[in-house]
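Q: This is the structure I want to talk about, given as C-alpha cells.
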Amino acid sequence: MDQGDGNSKISSVYINNTHGMDDDDFYDRNLALFEEEMDTRPKVSSLLNRLANYTNLTQGAKEHEEAESIGEKKKSPQMGTFMGVYLPCLQNIFGVILFLRLTWVVGSAGVLQGLCIVFICCCCTMLTAISMSAIATNGVVPAGGAYFMISRSLGPEFGGAVGLCFYLGTTFAGAMYILGAIEILLMYIAPKAAIFESKHPEGEGAAMLNNMRVYGSICLLLMSLLVFVGVKYVNKLASIFLACVIVSIVSIYVGALVSAFRPPRFPVCMLGNRTISGHEIDDNHCGKTIMVQNQELTTYLWKRFCQGTELNASCDEYFNSNNFSKIEAIPGLASGIISENLWSAYLSKGDVVEKGSLHSSLVSHPASTHQPYVFADITTSFTLLVGIFFPSVTGIMAGSNRSGDLKDAQRSIPIGTILAILTTSIVYLSSVVLFGACIDGVVLRDKFGDSVKGNLVVGTLAWPTPWVIVIGSFFSTCGAGLQSLTGAPRLLQAIAKDNIIPFLRVFGHGKANGEPTWAMLLTALIAELGILIASLDLVAPILTMFFLMCYLFVNLACALQTLLRSPNWRPRFSYYHWTLSFLGMTICLALMFISSWYYAIVAMVIASMIYKYIEYHGAEKEWGDGIRGLSLSAARYALLRLEEGPPHTKNWRPQVLVLLKLDEDAHVKSPRLLTFASQLKAGKGLTIVGTVVSGNFLQSYGEALAAEQTLKHLMDKERVKGFYQCIVAQKPREGISHMIQSSGLGGMKPNTVVMGWPHAWRQSEDPQAWKTFINTVRVTTAAHLALLVPKNISLFPSNSEPCTEGYIDVWWIVHDGGMLMLLPFLLRQHKVWRKCGMRIFTVAQMEDNSIQMKKDLATFLYHLRIEAEVEVVEMTINSDISAYTYERTLMMEQRSQMLRQMRLSKSDREREAQLVKDRNSISEHHRRVQMTWTKEKTSQYRATHSGCSTPEGFRDMLSIRPDHSNVRRMHTAVKLNEVIVNKSHDARLVLLNMPGPPKNTDGDENYMEFLEVLTEGLERVLLVRGGGSEVITIYS
C-alpha cells in the first residue's frame, strides 16, 4: 500500500468509492484525517521548518513580512549584553552635565538636596527602564527602539506624538552636547580663541553667548558632515569617546582619594567672606599691599577697589572694612568640609558667591559688577537644578535602539539597561558626596571656575592633572553629540516610513544605502535653533521635557497593557508591576512641572497637537496596540472604532459564542460548557451564550423568553459576564446557522464557537443530533470561526475544583493559527488550571528530522514566551495496516450502509444494533491479534469479495469490502489514538486538532466514527479547529 497510481485526491471522501486500485499516498498515511485541509492548515513540521530564521514565521506584523520579502541576506546579529547594551547606555547616560554642572548643582543645592535631585532622577529612569524591559521582552522588538515599542503598544497616535517628542529631545540633546563642547573649548582649553570680547563686565555674558553661537554652528556643520559621510566613522570613534569618559571618571575618584592625604594646591582669594575672581589677580598677590625693598606698595586688587594706587586713595567701604585671606579650593576628603556643604545655598542672579563660615564686616554693603568678585550668572532653585540635571540620566534607550543588532534582545535589553542605570546612579550619588566632602562650597558654587583662575572645577579635583578631565570631557561631549546627530535622523526616518504623519513623508527617503539625507538636514536645522539659544542651562530643561514625555508614555504603555491583561501580554522580564509603571509615570509628570511648568505645558500642547493631527489626517494603521484592546470595553464610540478593521493578531482573544442545548423542561443539558467558557475567559473579551428553541416564533415567543431567563440565571451562577441570545427556528441546525451569522455587533462579534459533543449518538434513534453537530462544524468553518468541542464535558472540573497537579497536553498535529498554543495559556490564567503544567507534543513523520523539530519547537515557544515541555513523537510508518483498523472500518461502513439502505423499523434497528455490538466484541478480540494486511492480502481479499456493492440481505452486507480511503483515515485515527493514549492517559486535559468534516455529506457518519476512535480512552478532550487566522505572534 506504499505506492499508488498517482490519482489526485478523491472527491467522495469517507464513503465507499468505486476505485478498485490503491489510492496514492499523496499525504502521509498517519495524517490522512487532515489531508483535505493541508493547504490551509500545514503540518507542524513544515511550519517549524520556517523557524530557522524565526522572523519569517507567519505572524500579524505585515511590516516585517514586507521588509523580509526583499530577500536580502542579512548577517545575523551577534552583539551581547555588555557591548550591545551596557556600554552604549553608559556612553549615552554619562555626559556633559557630569563634568560641567554637577559640582555647581552640589554647591547650590547642598549635599542632601543634591542627593535628593540625583535620586529622584535616577528613580524615574529606573522605573522607566523596568517598564521598557517589560515591553521590549514582550516579543521580538525589531530595530526602532522606543518609538517602535510605544507605537506598537499604544497605537499610531500616541506612537507618533511620543516618537516626535523623543526625536526633538534627541536633537536638542545634540545641541546641548555641542554647546557643552564649545563651553569647554572657550572656557578651559583655548580662552584666547574667543572672537567677541567685551570691554565692560556687563557685556561679557553677551559676548560669550555670541562666541558660543558662532563656534557651535561651525561645530554642528562639521559633525553633520561627518555623520552624512558615514555612520561607520561615528561608530568607530564611539569606543574612543567612551574610553575618554571612563578615564575622566576614574581620575575624579583617584583624585578624591589622593586629596585625603595630599590635597592639590588651588588657593582661592577671599575678601571678608566674598570670593575674588582668580582672573583679576594679575600679579598673583591676594592682599591690599605688599612690601618691596622695605617699601609698602599697593597690589593690582587695590586698583580694582580704590580710585587710585596711592595708600590714601578713596576706596570701597567693604574693602576698607575687610581683609584678604586665602583658602584652599580642595581642603581634601579628610578635612570635614562636608559639614559646611550639607545645606543649600541658592543664589539670585548678580549675587556674590560667599563663604558663610568666614568673618565679614558690612555684610549688607552692595557689590558692584565692576569689582573683581565671582557673581552668580542665574537665579538658582531646587526646581531649576532638577531640570538642568535630568539630561544627565537620559540615554537609557540606547540599548533598545540597537535591538536589531543584539544576539538575544529579550535577555540583553533588561539586564544591560538596568545595570547601566545602577552603575551611573552609583557614580552620580557617590560624586555628589565626594564633591561635597573634598571641594570648598564657594568653589562648588563657582560655575565656571573663576575663583581657581578659570580651571574646570571638577578638574581641580582630578588626578594627576586637570587636563585629564578637560580633554576627556571635551571628547566625550563631542562623541555624545555625534551619537545624537546619528540617532535622531534615523528615528525621524522610521516615523516617516511608517507613514502616520503625512507631511513627514519626504523625510523617509534617503541615499541609496538608506542613509536619511533629508532627515539629517531637518535635524541639523532644529539643532541649530538649540545652538542659537547658546546657553547650556536654557537648553537642558527643553530636552528634559521631551525625554520626560517619552518616559511617561513608556510607563503608561506598560501599565495599560498589564491592567488590560491582553493574552499577548506575557513579557519574559517578570519583575514589573503596574504600580511601578504608575509610580514612574507620576514621577515623570511631577518632574516636568517641577523643573519648568511652562515648558511642560508647551511640550504637552505639542504632543496633543501631533496626536490630534494623526487622529484626523494620519494613515490608518493597525498595530495591535493596547488602546484597541481598551476600546472593547467602551460603548458606542468604541464600537465604531472597532468597525474600522479586523483585529490585529496581538489583540486576538477568544470572543466566545457558547451553544447550549435545553431539554423539554427548559433546563440546560450541559451547564459545564459554560463553566469551561468562564475558565477560558481569563483573557477577558466577549461571551455570548446562545440556544435554539424549535418552533414558530409567533407561537413560541414566551418559550424563548423563558429560555433566555434560564441562560441568565446560569450565567449569574457561573459568574460569566456576557450576553445571552435565544433564536426560535423550525430546525435547530438552521437556528444555529442564523445565530453564528448574526451574533455580536460591529467589532464585538464572536470569533470562537464552543459546543458540546453529541454523546450517545450511536445509540440515538434520531440521527438529527449528530447531523446538527456536523452541520455546525461546517458552518463555523465557512464563517471562519474557531471551534472548541469539549468531549466528556461532565468530567471537566467545576470552578470550585482546582487541579492541584497534572498536565494540560497539547497535540499539535497541523497548524491552524496557533489556537492550540493560546488556549492552555488562557486556561492557566484561571485558578482551576493554574497549577497544571503544559506539555506540547507534535508528530514527526518518517521524512522529518525529529531532533531538529524539537529544537525548533522549543525556540518557537521561547519567542512566544510560553513555558511548556516539548516532545516530538515519531509515528512508525510501515506499509501494513492492522487487522483492527480494517475490522473497525468494515464495521463502520456496514452500519452506515444498513441505516441508509434498509430503512429499518424500530424493532429491526434494535436487532441490528445488537449485531453490530456483537461484531464490536469480535473486533476487540482482534485488536490483540498481531494480524496485518499486506498489499498481497488486500488484493486477494478484494478479488474474493468483489461485486457485492448492493447487498440483498444482511449476511451479504457483512461481507462488503471497506473503502481504501476510509481504511487510511481509520488508520490515522487508530495510530494517533494509540500514541495519544500512551503519552497522555494521565493528563488533566488533552487538546487536539479536530479534523474537518468530509466535503461529501454522505460520509458524515463515518466522520463521527473517526472522531470517536481518535479520542477513545481519553478522559477529558478538547477538540480544536482554528478559524483560519493567526491568533498568536512572537512580535511585540
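Including glycine, each Cβ sits where the backbone N, Cα and C put it.
Copying in the features that TrEMBL gives for the protein in this structure:
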- 83-104: transmembrane segment (TRANSMEM)
- 85-261: domain 'Amino acid permease/ SLC12A' (DOMAIN)
- 110-128: transmembrane segment (TRANSMEM)
- 166-191: transmembrane segment (TRANSMEM)
- 212-231: transmembrane segment (TRANSMEM)
- 237-261: transmembrane segment (TRANSMEM)
- 374-398: transmembrane segment (TRANSMEM)
- 379-657: domain 'Amino acid permease/ SLC12A' (DOMAIN)
- 418-443: transmembrane segment (TRANSMEM)
- 518-536: transmembrane segment (TRANSMEM)
- 542-564: transmembrane segment (TRANSMEM)
- 576-600: transmembrane segment (TRANSMEM)
- 671-788: domain 'SLC12A transporter C-terminal' (DOMAIN)
- 804-1036: domain 'SLC12A transporter C-terminal' (DOMAIN)
Q: On the 0 to 100 pLDDT scale, where does the domain 'SLC12A transporter C-terminal' (804-1036) sit on average?
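A: Averaged over the domain 'SLC12A transporter C-terminal' (804-1036), the predicted model reaches a pLDDT of 73.
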Q: So how many of the residues in the domain 'SLC12A transporter C-terminal' (671-788) end up helix, strand or coil by DSSP?
A: 60 helix, 24 strand, 34 coil
Q: Let me check one thing: do the transmembrane segment (110-128) and the transmembrane segment (576-600) come into contact, meaning three or more Cβ pairs under 8 Å with sequence separation of at least 6?
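A: By the criterion, they touch.
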Q: Please give the sequence-distant neighbours of the transmembrane segment (374-398): residues at least 6 beyond its ends with Cβ less than 8 Å from one of its Cβ atoms.
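A: Distal contacts: 85, 88-89, 91-98, 101-102, 105, 108-109, 113, 117-118, 120-122, 124-125, 128-129, 132, 145-146, 166, 169, 173, 176, 205, 275-277, 344, 346-353, 367, 417, 420-421, 424-425, 428, 442, 445-447, 450-451, 483, 537, 540-541, 543-544, 547-548, 550, 591, 594-596, 599.
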Q: Other than its close neighbours in sequence, what residues sit by the transmembrane segment (166-191), given a CB gap under 8 Å and a spacing of at least six beyond its ends?
A: 95-96, 99-100, 146-147, 208, 211-212, 215-216, 219-220, 223, 391, 394, 397, 448-449, 454-456, 459, 470-471, 473-474, 477-478, 480-481, 484-485, 487-488, 491-492, 495, 523, 526-531, 533-536, 539-540, 542-543, 545-547, 549-550, 606
Q: Other than its close neighbours in sequence, what residues sit by the transmembrane segment (542-564), given a CB gap under 8 Å and a spacing of at least six beyond its ends?
A: 124-125, 127-128, 130-132, 134-135, 138, 146, 149-150, 153-154, 158, 161-162, 165-166, 168-169, 172-173, 176, 387-388, 390-391, 394, 397, 530, 533, 576-578, 581-582, 584-585, 588-589, 591-592, 595-596, 599-600, 602-604, 607, 626-627, 629-630, 684
Q: How about long-range neighbours of the transmembrane segment (518-536): same chain, 6 or more residues beyond its ends, C-beta under 8 Å?
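A: Residues 96, 100-101, 168, 171-172, 174-176, 178-180, 183, 209-210, 212-213, 216-217, 220-221, 224, 227-228, 485, 488-490, 492-493, 496, 506-507, 509-510, 542.
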Q: Which sequence positions outside the transmembrane segment (212-231), separated from its termini by at least 6 residues, show Cβ-Cβ distances below 8 Å to it?
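A: Residues 174-175, 178-179, 181-183, 185-186, 193, 195-196, 478, 481-482, 485-486, 489, 515, 517, 520, 523-524, 527-528, 531-532, 534-535 contact the transmembrane segment (212-231) from elsewhere in the chain.
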